[in-house]
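Structure record follows, encoded as structure tokens.
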Amino acid sequence: MYYGFDIGGTKIALGVFDSGRQLQWEKRVPTPRDSYDAFLDAVCELVAEADQRFGCKGSVGIGIPGMPETEDGTLYASNVPAASGKPLRADLSARLDRDVRLDNDANCFALSEAWDDEFTQYPLVMGLILGTGVGGGLIFNGKPITGKSYITGEFGHMRLPVDALTMMGLDFPLRRCGCGQHGCIENYLSGRGFAWLYQHYYHQPLQAPEIIALYDQGDEQARAHVERYLDLLAVCLGNILTIVDPDLVVIGGGLSNFPAITTQLADRLPRHLLPVARVPRIERARHGDAGGMRGAAFLHLTD
């Protein structure tokens, strides 16, 4: 059995998957915030419960935000303070007496989608998350590409390209990002960015779901806003696709629930690609909230 943990600031979620990659059991517990020992205990107790329930010693994979293993072997995850700065992989491997694998939660999202029954035909899969932030991951032949600093797929921290500034206006604000830079595309293409763009042009502080509801009702202002957003997304994504050239792009995050993102994006891409390039297949993520657990569990399918 394959055990996959999706660990965040508020919850530790475990999913148990069989050899057919089907979810057999799941359980969630709160994430301890202050005690590293309590954090380790929470993970180990879930593993022990799964071992007992299924009568086996399952493999363990963990998806967690941040950098799973820095040069000194410690975790960097500001959202999980109890474990940040600690040698999490080594400690869990020792306590559980098995090989524990860690990866970034965005890579686990992409890995989950790449192992979808329909998507396994594609050698190079790109996951793109349009949610609270913008991120993603790259999967090649069923294995995540992490890079030495685990920042492969941090698409949100690419800067706005020149074509975007031409489209939006040369006086378009280059907003300061949480990473310390200015003009990162996350500030414009995330769910928060989607709402910020609307307020910037129409001076109305609406949230993304409210804007989408107006769009669905045929509101002309909301429709013009969505057209502008999709054009901006196409410009930025065109740069990424020129570098990566994936077979498939799977879009997740809150904005992926808005059908226009996946149905209207492909037609906008050719003008931003090389003439010989082919637009990849673009799909909405298939596995929703279970994606993080799935991808973490499937870290052991990559041997």
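Just so it is clear, glycine is given a Cβ too, placed from its N, Cα and C backbone atoms.
Swiss-Prot annotates C177, C179, C184 as Zn(2+)-binding residues; of H157, H225, H272, the candidate listed for that same site is H157. Cβ proximity to the Zn(2+) site centre (mean Cβ of H157, C177, C179, C184, cutoff 8 Å) flags the following additional same-chain residues: G156, G178, G180, Q181, E186, N187.
Note on the binding-site residues I139, C177, C179, C184: the fewest other CB atoms within 10 A surround the CB of C179. Considering only the binding-site residues H157, C177, C184, G135 (ATP binding site) has H157 as its nearest partner by CA-CA distance. Across the fold, the C-alpha of G133 (ATP binding site) and the C-alpha of C184 (Zn(2+) binding site) stand 11 Å from each other. In this view, G8 (ATP binding site) is surrounded by 16 other Cβ atoms within 10 Å of its Cβ, with every protein chain counted.
For the binding-site residues given as G4, G133, G135, G137, the lowest number of other CB atoms within 10 Å of the residue's CB is seen at G133.
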